[in-house]
């Protein structure tokens, strides 16, 4: 059923504003493709826990002489790449003309670290995935495009409301030492060293029914750690599923409801969901990878609040969901006024700007600072307490090592100007100088500010730390007419790593070492977003800026294709080789196994690899799908039996949730196999029936 909030004013919503929301499956290849986020070569997918979705919101303003539009998309992906966005826009323009373009389409990744990579095209980002993966790229393009088309088809008269609430015990600062290097006068303005406010925009039809909801809360989707091998949208993705089920009805399958609820990324750069904090894995001592170090071959990582990563994901997601529902029940603030977007491509190394003084909150017009060619520092290789790195690197490293410098110089040697520009960061990878096989990190980024009445949405191309985000929000808020609300949409359109404050940059922890354009990266952004906000207020269109390079013709991949599948002797694809028990109770886990083909033969968008079915009529043998591989209670795991013979099997799990109606059930597996002589063919199979009581 639809979840409606009856507000008398909703009936009088202006016809000038129309909103549509759409959702579509974007799940990438779930097996034998490395995940994007932790940069771990061995973190290769082996199935699905939660499917990936694209959630699109189209806002149309008919109040002026010309129709103005804004598209905001939140995608269950690590981040967004320029190549994906460019192709999505190309397809939209083929269908709709130029009404959707590079100026008004914002695509933001949620930043889950448990989804397939290989779609960003910049070489360094795709390197841990073994290069470009066309299957991931196509999955994202098709799903994002479809979600926008659905949203466009559902445009209806609407009104917009804003709300917020404090959410505690759901995030911590993973680099508190860096945060403390910000001025004391600035820090004194804030109660916490991370943002604790959940911001929400909800779209209501004139009847008062909810069309869609976008929530923003600063937390890394890294509850699922780097040992995970199942595709997962992590804590924010599960929060979206919980909210969509609550509003659409608990019997609605994931991705199939009319009401769309997103939990988007914001200034999460230094924010962890692992609320127990970092400890050494064997001794249990507190650690920080910088001054409090663990013993040899002992990692320092954060965990919690649950007993394992699945439980932690559930706990954080539930907190997000419950707080979002609390905000949704509040009256909220009406967001009225015109819709507009100011967008510009910016070549970061060429920028010279006035630095920002965080104490006086003014720009020092007597001085100019500049951006640098992209480079990664030594502490980047140390990883974070959410996902430790390799070798003996540690946080806070400000000196270089001759051996690692020799390795660096073999790839690309930085100039003395590069070294001085990036100081005090010791350069581990001079990515801005690397040319083989193609661009390693972007020099040109996408910057945009969208306005919906008194709401300002800053779409940023990276991971802003807590204080970086606060400074950006304050700059926009002081520039825009009061009252206003400002939200940061992180990891949008192009990915360019982190954005630490100049003060945090001096400490050189992971976030600073990954701030690729040097110590004044944030200063450049503050100047640029101020310009874009002023352009919005003056109704001016900024210059488009330099186009990012098209890398599509230079891409390489080392990911082997699926060659063929075969079934074991006297077996066929879809045969159940491990049957479930005859009966189960609530909380039990049903397990079954099937002869399978490779999941990469078809990502089965809008469909599934597994389904839980309930018998509705014995006479008609009628079965109803009650859960799929997109549900929390299920796990779909693929196992390779023989690479030479091309044999494999899948294991299906269903943890029976409390409240499941008693009755007769079965597990159903769907797949595709690749014939050795060519061609891909579908198959399916199901278990014997079993009772739930």
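Count begins at 1; order follows the chain as displayed.
Quick reminder: no glycine exception, Cβ is built from N, Cα and C everywhere.
If you look up TrEMBL, you'll see 272 marked as active site, nucleophile. The feature Zn(2+) binding site is assigned by TrEMBL to 111, 220, 463, 498. Taken from TrEMBL, the feature domain 'Neutral/alkaline non-lysosomal ceramidase N-terminal' covers 18-527. Per TrEMBL, the feature signal peptide maps to 1-16.
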Least Cβ-crowded entry, counting other Cβ within 10 Å, from the binding-site residues listed as 111, 220: 220
Cβ-Cβ distance under 8 Å to residue 463 (Zn(2+) binding site), same chain, at least six residues away: 111, 267, 268, 269, 490, 491, 497, 498, 499, 511
Residue with minimal Cβ packing [other Cβ atoms within 10 Å] among the recorded positions 272, 498: 498
Within the predicted model, mean pLDDT of the domain 'Neutral/alkaline non-lysosomal ceramidase N-terminal' (18-527): 97
111, 220, 463, 498 excluded, remaining Cβ within 8 Å of their centroid (Zn(2+)): 265, 268, 269, 271, 462, 490, 491
